[in-house]
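For reference, the structure discussed in these notes is given below.
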Amino acid sequence: RHSAQSIETQSTSSEELVPSPPSPLPPPRVYKPCFVCQDKSSGYHYGVSACEGCKGFFRRSIQKNMIYTCHRDKNCVINKVTRNRCQYCRLQRCFEVGMSKESVRNDRNKKKKEPIKQECIESLEMTAELDDLTEKIRKAHQETFPSLCQLGKYTTNS
């Protein structure tokens with residue numbers, strides 16, 4: 001005896017193909033709260049779970065070699081609300097929870113400003129030999145797939 005459940009199979013007829021619904025997105029990653037201020041963490045930055053605010057503060061402090069002073073007793077409470085009140089204690093807290101000074105890259109902005117080297121530009125120029133080879137490949141493709149070339153908008157030199 002067959003069970004009450006029926007098994008449906010997908011038809012191979014192109015008329016009956018229905019696009020499948022998009023796959024559900026994976027659940028968002030949940031990180032431990034920021035080790036520095038307990039705000040919502042955006043991931044592991046410089047070795048610890050950290051929020052965007054503490055990540056940026058630590059990076060800027062290290063890249064600019066900042067030296068801060070505490071106007072109290074060097075034991076200020078650092079949390080989501082108070083984290084911007086004392087930069088000295090916030091940076092100390094970053095180090096206490098394990099943020100790594102060595103993980104901060106100092107060369108990211110420098111790379112953007114470097115001029116493109118002349119030898120790189122020259123290597124991008126197409127030689128006559130490569131130009132000829134490209135044209136031969138294009139023509140061979142056109143002869144092999146003439147119906148595609150009639151579409152016009154999908155080819156560059158039709």
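Just so it is clear, glycine is given a Cβ too, placed from its N, Cα and C backbone atoms.
Quick look at what Swiss-Prot annotates:
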| type | residues | note |
| --- | --- | --- |
| COMPBIAS | 1-18 | compositional bias 'Low complexity' |
| REGION | 1-24 | region 'Disordered' |
| DNA_BIND | 31-106 | DNA-binding region |
| ZN_FING | 34-54 | zinc finger |
| ZN_FING | 70-94 | zinc finger |
| DOMAIN | 129-158 | domain 'NR LBD' |
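The zinc finger (70-94): residue composition by secondary structure is 8 helix, 0 strand, 17 coil, according to DSSP. Secondary structure of the DNA-binding region (31-106) per DSSP, as helix, strand and coil residue counts: 25 helix, 6 strand, 45 coil.
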